[in-house]
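Here is what TrEMBL says about this protein:
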- 51-84: repeat 'TPR' (REPEAT)
- 85-118: repeat 'TPR' (REPEAT)
- 119-152: repeat 'TPR' (REPEAT)
- 153-186: repeat 'TPR' (REPEAT)
Amino acid sequence: ALETLKMFEKTDSRVKSAAATNLSFLYYLENELTQASNYADLAVNSDRYNPAALTNKGNTVFANGDYEKAAEFYKEALRNDSSCTEALYNLGLTYKKLNRIEEALDCFLKLHAILQNSAQVLYQIASIYEIMEDPNQAIEWFLQLISVVPTDPHVLAKLGELYNNEGDKSQAFHYYYESYRYFPSNIEVIEWLGVYYID
């Protein structure tokens with residue numbers, strides 16, 4: 001794939017930008033951040049309005065821990081293409097890292113309007129409500145998530161934990177037991193069930 005894409009490097013700017021964008025992403029997946037960053041720069045320089053190139057550049061900056069700068073690249077990608085879901089999702093993650101929770105929630109709620117059954121988006125919204133210490137909203141969004149991925153043992157355990165914290169032992173037992181059914185090796189879930197049965 002790398003060899004094929006490198007053949008397009010010397011062509012006109014739009015094709016060059018597309019090839020560089022894909023090369024940047026491939027290097028990013030291989031965790032070669034320097035190469036990923038170089039090709040992201042090449043892609044952006046070839047076509048400043050390429051949202052995928054700007055998103056890739058944001059990803060490489062994000063991976064290096066410069067969240068403020070990453071947010072700028074994601075916002076620029078969104079200015080060029082407001083339907084760029086990758087940029088919006090990553091901007092939400094960036095705001096979450098920067099502890100700008102309201103702005104992160106806003107990003108993920110916008111994404112939810114576009115991608116209604118996206119498990120990742122539902123998880124992020126539920127997680128943010130949990131950070132905001134709003135367990136009822138967190139439970140509601142985790143329940144929506146379970147309707148999309150009904151066999152995810154970690155989400156089931158999270159629902160058990162939230163219901164347990166709210167004092168609803170029967171619902172907590174239901175979700176912890178379901179989690180145990182799908183993944184019987186989670187020690188925390190086993191411990192909780194053991195204590196429940198002792199009680």
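Just so you know, glycine gets a Cβ as well, placed from its N, Cα and C.
Just so you know, TrEMBL annotations never went through curation; they're auto-generated.
Owing to the predicted nature of the structure, the values given are computational and were not obtained by experimental measurement.
Each residue of the repeat 'TPR' (119-152) gets a DSSP state, and the totals for helix, strand and coil are 27 helix, 0 strand, 7 coil. Mean pLDDT across the repeat 'TPR' (51-84) comes to 94 in this model.
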